[in-house]
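Working notes, beginning with the structure itself.
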């Protein structure tokens, strides 16, 4: 197991290097002069040149990339062009709101999605199955921004119970979490149902039933345990989506998280923040995929990681 973890960690290095090169290249293609943004729109030519020298923008592009990459590995992400604050400090302030939002959306969506998927599979072909899967299809088809606007229009504004902007108290997370997790719950419901029904047709399940084991025991010990293996993969991918894909939801609710920070940085062409956020999102997905692989052995000891 330790050898597998070490190998996967080593495999992360070339992936991150390639991604960093692509991110750096695309950022340099963006219009605008970073030195002018850093110095201010009213700055003199001398001030702009001084800013260019300070930021190292007068160096050749390969040297700029090496300098940025070296700072990245040392934890020095540079400073923002607009406020001259350390990028790491700006991101750290926005990280926890996004994490809380992702965890809240993940918790309710996984619980509801697994429940709906199992119930739908157990009631296959009946009206409960058709109803639940129709709701799931609707959840997948509904754009998050539209659901968020509906919740604001018909829940928050008429009753005045929930805030629709910012994160000032714990209850403010309810509507954004519902919006963020709706599509995940729908995906989990359909995926869980498919995995459950597929495992239920396996020979070892039929053998267990033919031996006279109780249906409930067969369902929860044999079917559910093995159906969870592909579901765990989906869980990891969906959590990564919630962390990195909450941009629209954070914009709708003015949530002070990483997604909102990324949009504001794109608007202001704050290149160091954009670069750092993209690399953070990529790193999150890689780590989550590694954790998912490790969870395989926990769910089913028959699986051996090599």
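Cβ from N, Cα, C; glycine included.
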Stated TrEMBL location of transmembrane segment, expressed as one of 68-92, 143-167: 143-167
Among ranges 99-122, 195-218, whichever one TrEMBL labels transmembrane segment: 99-122
Candidate ranges 38-64, 227-253 [criterion: TrEMBL lists as transmembrane segment]: 227-253
Contact between the transmembrane segment (173-191) and the transmembrane segment (99-122) (at least 3 Cβ pairs under 8 Å, separation 6+): yes
Maximum Cβ pairs under 8 Å to the transmembrane segment (143-167) - stretch from the list 12-30, 99-122, 227-253, 273-299: 227-253
